[in-house]
Amino acid sequence: MLLDKLSVLSFLGLAPIFAAAQLSGSVGPLTSASTKAATKTCNVLDYGAKADKSTDLGAPLASAFADCKSGGLVYVPSGDYALSTWARLSGGEAWALQIDGIIYRTGTDGGNMIYIEHSSDFELFSSTSEGAMQGLGYEFHADDNWSGPRLLRLYEVTDFSVHDFILVDSPSFHFSLDTCTNGEIYNMAIRGGNHGGLDGIDVWSNNIWVHDVEVTNKDECVTVKSPSKNILIESIYCNWSGGCGMGSFGSDTNVSDITYRNIYTWSSNNMMLIKSNGGSGFVENVLLENFIGHGNAYSLDIDSYWASMSAVDGDGVQLSNITVKNWKGTEAYGAERGPVKVVCADGAPCYDITIEDFAMWTEEGDSQWYSCESAYGSGYCLQDSDDHVSYSVTTSTVSSAPSGYSATSMAADLTTDFGSTVSIPIPTIPTSFYPGATPYSALMANSASTAAASSIASHATVHSSSASVAASVPSAVAPSESIPAATSAVVSSAAAIAPSPAVGAQEGSTTSAPSFAAPSGAGNSPQGPTGASGFGEKGQQGEQGEQGEQGEQGVCYV
């Protein structure tokens, strides 16, 4: 249903907040969804959509967008909808997409089920916090097919937010942010199959804030790819996932000013994986702060010879100024996979790596190891020298637990995975993503005036040492009285595809990374890649690496 708290939440939609200086400026839409809805509302039911779980939503969604793309709100009411032809929504400005219903995949083409491109001042949300896309990926996976469609992709979108939305069981990746700017992603739940190639959120963009998100899968939780700059990722709940990371990185890697903060990881492949194998370029200014982990195969895993991707030409990606700070918890078996692994390229030794306030201990056995190669800095096995020459792997083993390693667990930690060949239920969005941390924004479903007011207060006090940036907060909307007439949709049998990120050979063809202009006020931070190894090192085959995308059949677009 469309909510009715316009005055308070419309104000909230433009409320300034203090977010970490890792961002270079404001994030989120420039106008509230309520303002857009008051301008014009395009209800898909008035364009031929039916909430019967069989009538294709593709053409009605494209037609509604065509009428509201220059300013307005496209509305998908509560109910069950089928999507058999994918929706490509191109060129919108000052518009919003409110999905309160559940969209079920019924088509079988590749590509992206919903593809938003070349848009500005955009917001995608569910006013009930129950809107979802159900990809029914198990129907592909039961036939050992891992290259089906992705659920949601944004390409060249600026000043935007996606929030209060659920993505379930994608046949391939769940959510990609491709060459976007000034975006905020929050209050989301993503639940995928227990297999590689089913990424949660992949980001290769500039000035993006991702926070308060839960991911279940067995590949990327929230991952930064190249090129990326000024990315703040915090309050992430990797609940039986692959884990957070950066990469895979190949040729011309260009990644800087990345912060991961308040990351909770349970029963995953790793807490943080920075992965590459050969290649060139750089990753610099990364902060990995306040991590809690339990039951994970790896903890900190920096691997410049990552075996799950084919080697790329080049001496290696240069890693520098990476700070790992305040990590607590336990790993599954420290004698087999130690909590600190920093393996850098012999042709490009990493430097200015700092590991401090790091206390992890093994759940099985009574020892664990720390391993470094061609890595310089301070802490554990890192070598302290200004002469950054390559050196062989050095490993130290300890048999006593470090002080202060004990860390709390989350009550919602899953007790088993969801497999990959049976239907996965649609979850609810949690209200807690990291122990002791309050989400920055209340769920829209819970955002009565009192909750909204408290959200303003929490936004005003987020990082006292940070720069002020504007960010979007849930804004309720109401439809305008007049409903436009339906327009015809255009159905394409083959749509052109946006470029892919620069990645390693296993993730599709490598592209050159554009250089971002250095933003003013950008803080320094260390960074790292993602991936999934451990737990049998399974499921990372090819990572479906942003490849293919040609010949997307059956795309509804305007």
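Note: Cβ is positioned from N, Cα and C throughout, glycine not excepted.
What Swiss-Prot records for 1-21 is signal peptide, and it gives sequence analysis as the kind of evidence. What Swiss-Prot lists as disulfide bond is Cys42-Cys68, Cys221-Cys238, Cys344-Cys350, Cys372-Cys381. Swiss-Prot lists Asp219 with the feature active site, proton donor, giving similarity to another entry as the kind of evidence. Here Swiss-Prot flags His294 as active site, drawing on similarity to another entry. Look at Swiss-Prot and you will find 503-526 tagged as compositional bias 'Low complexity'. Under the heading region 'Disordered', Swiss-Prot lists 503-558.
Rounded to a whole number, the C-alpha distance linking Cys68 (disulfide bond) with Cys221 (disulfide bond) is 33 angstrom.
Annotation note: Cys221 (disulfide bond) sits in a strand segment as assigned by DSSP. Counting other Cβ atoms within 10 Å of each Cβ, the lowest count among the disulfide-bonded residues Cys221, Cys238, Cys372, Cys381 belongs to Cys381.
The recorded positions shown are Cys42, Cys238, His294, Cys372, Cys381; of these, the one with its CA atom nearest the CA of Cys350 (disulfide bond) is Cys372. According to its DSSP assignment, Cys372 (disulfide bond) is in a strand.
Within 10 Å of Cys344 (disulfide bond), judged by CA to CA distance, lie the following disulfide-bonded residues from the set Cys221, Cys238, Cys372: Cys372. DSSP assigns Cys238 (disulfide bond) to a strand. Checking each of the recorded positions Asp219, Cys238, Cys372 against His294 (active site) by C-alpha distance, the shortest gap belongs to Cys238.
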